[in-house]
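First up is the structure itself, then whatever we jot down about it.
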Amino acid sequence: MDLYSTPAAALDRFVARRLQPRKEFVEKARRALGALAAALRERGGRLGAAAPRVLKTVKGGSSGRGTALKGGCDSELVIFLDCFKSYVDQRARRAEILSEMRASLESWWQNPVPGLRLTFPEQSVPGALQFRLTSVDLEDWMDVSLVPAFNVLGQAGSGVKPKPQVYSTLLNSGCQGGEHAACFTELRRNFVNIRPAKLKNLILLVKHWYHQVCLQGLWKETLPPVYALELLTIFAWEQGCKKDAFSLAEGLRTVLGLIQQHQHLCVFWTVNYGFEDPAVGQFLQRQLKRPRPVILDPADPTWDLGNGAAWHWDLLAQEAASCYDHPCFLRGMGDPVQSWKGPGLPRAGCSGLGHPIQLDPNQKTPENSKSLNAVYPRAGSKPPSCPAPGPTGAASIVPSVPGMALDLSQIPTKELDRFIQDHLKPSPQFQEQVKKAIDIILRCLHENCVHKASRVSKGGSFGRGTDLRDGCDVELIIFLNCFTDYKDQGPRRAEILDEMRAQLESWWQDQVPSLSLQFPEQNVPEALQFQLVSTALKSWTDVSLLPAFDAVGQLSSGTKPNPQVYSRLLTSGCQEGEHKACFAELRRNFMNIRPVKLKNLILLVKHWYRQVAAQNKGKGPAPASLPPAYALELLTIFAWEQGCRQDCFNMAQGFRTVLGLVQQHQQLCVYWTVNYSTEDPAMRMHLLGQLRKPRPLVLDPADPTWNVGHGSWELLAQEAAALGMQACFLSRDGTSVQPWDVMPALLYQTPAGDLDKFISEFLQPNRQFLAQVNKAVDTICSFLKENCFRNSPIKVIKVVKGGSSAKGTALRGRSDADLVVFLSCFSQFTEQGNKRAEIISEIRAQLEACQQERQFEVKFEVSKWENPRVLSFSLTSQTMLDQSVDFDVLPAFDALGQLVSGSRPSSQVYVDLIHSYSNAGEYSTCFTELQRDFIISRPTKLKSLIRLVKHWYQQCTKISKGRGSLPPQHGLELLTVYAWEQGGKDSQFNMAEGFRTVLELVTQYRQLCIYWTINYNAKDKTVGDFLKQQLQKPRPIILDPADPTGNLGHNARWDLLAKEAAACTSALCCMGRNGIPIQPWPVKAAV
């Protein structure tokens, strides 16, 4: 996370440069919303007929509160109408008014605001009309909700408290929590807007942290709303600071501390409502008895933003607990930043909050008010104890029993970060002693040895920062002037090591009083081995002293070695990894640039590795025959790079991913080109030779001759599978923590000739699972057709499966599909949106009945996310938990009727579509059968190429996350079909050539103009005129062969995709065995 790597003193600059929105975009969006509000007032919010009058408009959301982040933000435009005389009126007329407002909005946008684009996403909030304003460069956007509302407050003056009747009426309306929050937007906005600018900067910092946590792959829907963190930030500032100028690092530290204490939080304000009115007072008492955390909206007491029963605050708390070692929480001298002190704020070493209540200054204090008894701990309960802080300032989660290994399998998922801090990180005191001892040893050798060193490098886990408590390893590489080549090291090594040992034995006499130096049996010919032992701290370190040839020389940070270094190594005739000591510095630098939390994950993996070795000593392979622990370090870095790349992440997810890769050891192919690469011909041939060797292959990033993957992985794989079902991988709701999406080999590192094997091994779904899914879908479709709308004139005409699963291009793992339900109640395209909530409700009920009444070979789950406009379910393998298909259920108008396979639809279908549509591809679900048939009829090998392209595309989405929307994946499928058709239509083509052709077309996106006429053409005048219009639009153009309104090339970041495509063309996957680039087919970018 970029925030974590920012020094505490630089956070103000970080907020100003990285988080505050661009003024130009803010001003354009403000003008646009102002003009829209004026237009709605003029038109009364309706077109034609007698229109309700707009009483006032209020801008809310983060944009209205002044807490909008750069990039993407939200805004609420609340339209108060005179036709609403009560809260209840809003429900009755909302749909009608929203429909008319959309018409007004579309009419108003006929004259667009320069520099902005307006788009309508899928409408997922029943009480609002949602649209997005995007800058033309696609760097900034604002999600706007247009909300019609009851003007309960009237023209309230600033700072004036609403009448209690406002809230008693709200409570009597029978509303859900926060249902009418829009009515109080003005109060909510004013509550934040009076705050100092720096407090709003702190809010931006907290929100940025929250969004980074969301990017880790956690389900954003399960986390509390970000507005809850805005309120928590204000609470922290009020209780601990209340100054206009303060340290952002201290403020952030305080807010994260509160998040850790979420189970004790009870926060509310009485600036707008209070206990004076009996009805409101009784309601507040009930609210304050809710599960913690409780964070009441200061404008609407029915809205509990904390909602401890619903949101996963523990996920945020877990991340908060693990981030205090980062530079943003360290002062210039390395001292930790302290949090603010105050009532209701966490205290060092305490597990609770002293005073978790926030009151208005004019409100009676708890001591003087009988109304507040409900917020105190229940009778008989004791306040949280406050133990004396230990060395880390926190109580240990697992009692330390001398001589007993901690059972990792029983550590709860959310406690893994603390487990690492308390039990795996080495003692700072012992580390200091070792550093002191090493300095003394090096001084001794420098002053007394005959053979002089040019320089020294510290390696091993100690040098890399991955050393465990209770024992680590250090490599001291002594680069000697007498070695001028790799071959010089062998003949003189024994003599030099004997001299070094003699010097150490004679010179070491209690040089570090707390440490003893011991020489074990010497079993590594190229090194002098000894131990530094601290009896008092019960810790030791194994030290290896290695004289070596300085092959690399003094390199500045980030500089690649001269290719000649490695060409000399390859021609030296060395054994595998024989000269790895010469590259210790590169190895250390490769690891040291990694974030703190990744190193913590490495510690966890190594601790597990040690436990496996210790528990199975004498039962199976000896620990020496296991792969080296360093192989697990590299595998952990590989997992993080490919699956996460965030400074903060879920520790259990990372751990599970590494264990998953261990289980796939027979397919592991892992290497890096940070120090050596395929640009040098000799190195390219060497790497290609390495890639032809049996798996696992885990090449050292510093020494390409050293495959650290050698060893017996079977025992590790068995133990990894056994650990997968233990407590350390179970989330709070009892479900298994899901690993990151990481494969044991990378596309870019796969030779072109091995692409077919890559697809079959890693991309093709399991055939048994696909058969089970198809059988389950057939059962579900039949059930829905027979049982939906039994006592209704509505009939299910047919149910059609769409998406990649239906087309035969699904990828292994988690894929998406559509189940389109064609209904008789829709007689034209524009009716599809009618009765959607009612129809979805009926289909949901029947899906749940099907789930209960039918037997399935796969796990069938209907989504619990009860959005009245969206319905989804998933089918998951019972035996392979990473294999699943997520289905969206989509009601649709049967525009095509019973179409005979291979026949063309009537041109009238497309004439009606052209006259009906408002947004591109709006009714594409009606053409699902045609979309499916267009792909499913293609040769098997072309579908394999489509899988390869989709896999490449998904890797690109990880890289470009947060930088704008890439073109839709379906567009890449069509581009692949086009490349094959224009490239010769050979059913047994060269996979690398096909892939290379698609990449070439992506780089030529500015010229792309692709369409088909198998379903529609220009013979009908209306359709022909429309096609001409479509084809005259800016490139790229990729028209959906089933739906001519759908241009899959429009309004997306093709430039990002093109950049990745250009990079891929020089990778091994696009290069022949002789190092010559694969050539694309001769395909033009336009039809």
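Backbone N, Cα and C atoms are what each Cβ position is placed from, and that goes for glycine too.
D888 is the only one of D741, D888, D894 that Swiss-Prot places in the Mg(2+) site (with D816, D818). Within Q931, Q969, the residue that Swiss-Prot lists together with S804, R947, K950 for binding ATP is Q969. Per Swiss-Prot, the residue annotated phosphothreonine among T365, T750 is T365. Listed in chain order, the extra residues whose Cβ falls within 8 Å of the Cβ center of the ATP site residues S804, R947, K950, Q969 are T809, A810, L811, S815, I946, V949, H951, Y953, Q954, L972, E973. Taking the mean position of the Cβ atoms of D816, D818, D888 as the Mg(2+) site, the remaining residues of that chain whose Cβ falls within 8 Å of it are G802, G803, A817, L819, S872, D886, F887, L890. Residue density at Q969 (ATP binding site): 17 other Cβ atoms are found within 10 A of its Cβ, drawing on all protein chains shown. When the Cα atoms are compared, S804 (ATP binding site) and D244 (site 'Interaction with dsRNA') turn out to be 55 Å apart. When Cβ-Cβ distances below 8 Å are used as the criterion, the region 'Interaction with dsRNA' (186-200) is approached by residues 58-60, 64-67, 153, 156, 158-159, 162, 230, 233-234, 237, 244-246, 248, 269, 271-272, 297-300 of the same chain, each at least six residues removed from its ends. With D818 (Mg(2+) binding site) as the anchor, the candidate recorded positions are Q155, D244, R947, K950, Q969, and the one with the nearest CA is Q969.
Taking Cβ-Cβ distances under 8 Å and a sequence gap of 6 or more within the same chain, the neighbours of D888 (Mg(2+) binding site) are D816, A817, D818, L819, V870, L871, S872. The Cβ of K950 (ATP binding site) lies under 8 Å from the Cβ of S804, T809, L811, Q969, L972, E973, each of these being in the same chain and 6 or more residues away along the sequence. Most Cβ neighbours within 10 Å, among the recorded positions D244, D816, D818: D818 holds that distinction in the structure as shown. Largest Cα-to-Cα span within the ATP-binding set S804, R947, K950, Q969: 11 Å. Comparing D244 (site 'Interaction with dsRNA') with R947 (ATP binding site), their Cα atoms are 56 Å apart once rounded. Helix first, then strand, then coil: DSSP counts for the region 'Interaction with dsRNA' (12-57) stand at 29 helix, 4 strand, 13 coil.
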